[in-house]
């Protein structure tokens, strides 16, 4: 009965304490291979900003921008304001948005591995086109193919990691995706630092080296096992149990297997996941799938990561100093993600999101104040203030790296019941890419129009999202992925939205906004 309003969603009993198993080397290796896909997303974020500041690239494709860059008298905030240049960066994310909806049925009907492999192949094609581009059309076509790869990869990989990981370590293992993303950003920044000296063709090497992680994702996807959840959902129950026993390192997996069976039984009754996800009982998950990725982008992090070299050059840094500063922010992002991996399953999601938000607000305000008083048209920051700006931006990146960076993906990937999980992840990915596209396309214009106020703009959004987490996001730490539906019934706000159809759920615990545990 597709979309029926009286059938129970997912599992109805809490069996978490009966789960057996441990973190096996098999799980670690497969999660690392799967998470390599995140490096593609990160590599592109890091590579785009560096390439768009290289003279050889600008001379070939964006001559107007090159002339503005070298002009002696210009507004510091507006020298790179060009919609064509912005389209080079943003076209990838628009393509990824569309591809994420195609990836949803592929992920559900053919498994998580299928989407991972499709993403890898698309990235191989896109990287080849970009590296060999002779005109703008060829360059943008390559970006579109890269976008298709991101749409498939970001759809499948977080789901794969969440489903494969043991409950008590799901947050840390899921963040392997974000860690790979940050490593991709750092690697791209370091490559740009080297290739910008290889004028006029260094940009080709920067774009072409995306073939390396793309090949790793494609080949790795071929050898990865399918998740037990996906196998059971597609009717391969015995194979699903064998994989579950293998990844948990024990034969005693009956409780977890039964949760998967219950979830699968209901999932197979849902023929239209996107229609079903709009129903009232799925309202909390839908809200999180929309707002978590939206808020992640509105932190302003992508503005810094996309355009770090451009941003630093606009502030008066030399070409080498700008690329060096952006490489530094990439290294900081990797380090902070490691902090999050160590802390997320101990401190919980809410604590990291709220403390990270507060730190980011302070950093954005400080940068805005420094630029507002010390930086204007035809001016350069003094050495002391330049160091201060880089230091504060690094503190901002640290806060993002242990909070909204990884958790913007982790939370949505772990909260959906099996029947709407692929649809929910598609919504998460598409919303993320939609706002990534909007920010990428508009940032240079916003920087020109708002000047230092751009940082206050993002600080305002971070304030809103921190309050949102405090009020509406329950703690998901330690809750089995197939029992997540029971969590919403205990939350002070969402229990008012959820229909009265789960008599088995224990409503004795009401989670208030100031609680960080269920």
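Cβ coordinates come from backbone N, Cα and C, glycine included.
Residues or ranges marked as domain 'Major facilitator superfamily (MFS) profile' by TrEMBL: 30-477.
The transmembrane segment annotation in TrEMBL covers 23-43 (among others).
Annotation source TrEMBL lists transmembrane segment at 85-103 (among others).
Within its own chain, the transmembrane segment (139-161) has Cβ neighbours under 8 Å at 31, 34-35, 37-38, 40-41, 44, 61, 87-88, 91-100, 102-104, 106-107, 112-116, 118-123, 125-131, 133, 173-174, 176-177, 207, 210, 214, 217, 224, 227, 409-410, 412-413, 421-422, 425-426, 429, 432-433, counting only residues six or more beyond its boundaries. Among the features that TrEMBL reports, transmembrane segment is placed at 139-161 (among others).
Within the chain carrying the transmembrane segment (173-191), a Cβ under 8 angstroms from the stretch's Cβ atoms is held by residues 27, 31-32, 34-47, 50, 157-158, 161-162, 164-166, 205-206, 209, 213, 305, 308, 323, 326-327, 329-331, 333-334, 337-338, 340-341, 344, 401, 405-406, 409-410, 413-414, all 6 or more beyond its ends. The transmembrane segment annotation in TrEMBL covers 173-191 (among others).
What TrEMBL records for 203-224 (among others) is transmembrane segment.
According to TrEMBL, the feature transmembrane segment maps to 286-310 (among others).
According to TrEMBL, the feature transmembrane segment maps to 322-344 (among others).
Look at TrEMBL and you will find 351-373 (among others) tagged as transmembrane segment.
The transmembrane segment annotation in TrEMBL covers 385-405 (among others). Nonlocal intrachain contacts for the transmembrane segment (385-405), taken as residues 6+ away from its ends with a CB within less than 8 angstroms of a stretch CB, comprise 178, 181-182, 295-296, 299, 301, 304, 312, 315-317, 325, 328-329, 332-337, 339-340, 343, 352-353, 355-357, 359-360, 363-364, 366-367, 370-371, 374-375, 465.
Sequence-distant contacts of the transmembrane segment (426-446) (same chain, six or more residues past either end, CB-CB distance under 8 Å): 80-83, 85-87, 89-90, 93-94, 96-97, 100-101, 103-104, 147, 150-151, 154-155, 274, 277, 286, 289-290, 292-294, 296-298, 302-303, 306-307, 310, 408-409, 412-413, 454, 457. According to TrEMBL, the feature transmembrane segment maps to 426-446 (among others).
Sequence annotations record features per position, and here TrEMBL assigns transmembrane segment to 452-473 (among others). With a cut-off of 8 Å between Cβ atoms, the residues of this chain six or more beyond the transmembrane segment (452-473) that come close are 287-288, 291, 295, 298-300, 303, 349-350, 353-354, 357-358, 360-361, 364-365, 367-368, 371-372, 375, 404, 411, 443, 446, 493-494, 513-514.
Here the listed stretches are 85-103, 203-224, 322-344, 351-373, and the one with the most C-beta pairs under 8 angstroms to the transmembrane segment (23-43) is 203-224. Note on the transmembrane segment (85-103): residues 44, 48-49, 52, 58, 61-62, 65, 115, 118-119, 122, 139-140, 143-152, 154-156, 306, 426, 429-430, 433-434, 436-438, 440-445 of its chain, located 6 or more positions outside it, place their CB under 8 angstroms from a CB of the stretch.
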